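A.B. asks: One structure, as structure tokens, below. Some questions next.
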Amino acid sequence: MEKKKIIVAITGASGSIYAKILLQKLEGLKNQLTDVGVIMSDNAKDVWTYELDDETYKNFSFKFYDKNDFMAPFASGSAKFDTMIIVPCSMGTMARIAGGISNDLITRAADVILKERRKLILVARDTPLNLIHINNMKTITEAGGIVCPAVPSFYSKPKTIEEVAATVVDRVLDLSGFKTDSYQWGEEEA
Ligand SMILES: Cc1cc2nc3c(=O)[nH]c(=O)nc-3n(C[C@H](O)[C@H](O)[C@H](O)COP(=O)(O)O)c2cc1C
């Protein structure tokens, strides 16, 4: 399996726990990765601190890029990052991507991924949805992106908040093409 170069963007939607679990799981998948670049919006840092009562995003070993750093490698298609995951993805960031407004590194990197026909996964989070959100999801899907809403599943019988959140993260890792040993419906229970 070819090793991956991925971008993880974290925005200010509720659900920082999804980002934290994704980064934790990526730490364990380093043998399938050559590069991980992480970007956080300002609101992402505030929401993370508020929801998780910590600033543990500072502890990960991955390279973090300033949201205004347009010199980052993945601001250009030539750097050949293959996958971008936006988790959680706010309706605001989704709208800017759908509108082609590349005014920070998150939206620019997403624009690049789409124009290069690579894999963009938006873990969109809000409820209920208005027609603007739905139309933006349609636009991004038509442009080749994958809208993977932060909707947990329960058929694996998760017992903790972390296990519930991991059902979303495991789906995202699967969509990204990682080999994991996560629960799959229909497989024998150990
Ligand atoms: C605690 C908290 C929770 C929020 N949850 C959501 C959410 O679930 N979805 C959303 O679209 N925006 C949510 N917001 C609002 C976004 O943070 C806000 O629209 C922001 O401008 C998004 O900017 P960003 O995409 O650059 O992070 C939340 C804000 C706060 C403070």
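The backbone N, Cα and C atoms fix where each Cβ goes, glycine too.
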A.B. asks: Per TrEMBL, which one of Ser41, Ser76, Ser78 shares the FMN site with Gly12, Ala13, Ser14, Ser90, Met91, Gly92, Thr93, Arg125?
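C.D. replies: Answer, per TrEMBL (FMN site with Gly12, Ala13, Ser14, Ser90, Met91, Gly92, Thr93, Arg125), from Ser41, Ser76, Ser78: Ser41.
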A.B. asks: So what sits near Gly92 (FMN binding site) in its own chain, CB-to-CB under 8 Å and at least six residues off in sequence?
C.D. replies: Thr11, Gly12
A.B. asks: With a 10 Å radius around each C-beta, find which of these binding-site residues (Ser14, Ser90) has the fewest other C-beta atoms nearby.
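C.D. replies: Checked Ser14, Ser90; of these binding-site residues, fewest Cβ neighbours within 10 Å: Ser14.
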A.B. asks: How many Å separate the two farthest-apart Cα atoms among the FMN-binding residues Gly12, Ala13, Ser14, Ser41, Ser90, Met91, Gly92, Thr93, Arg125?
C.D. replies: 15
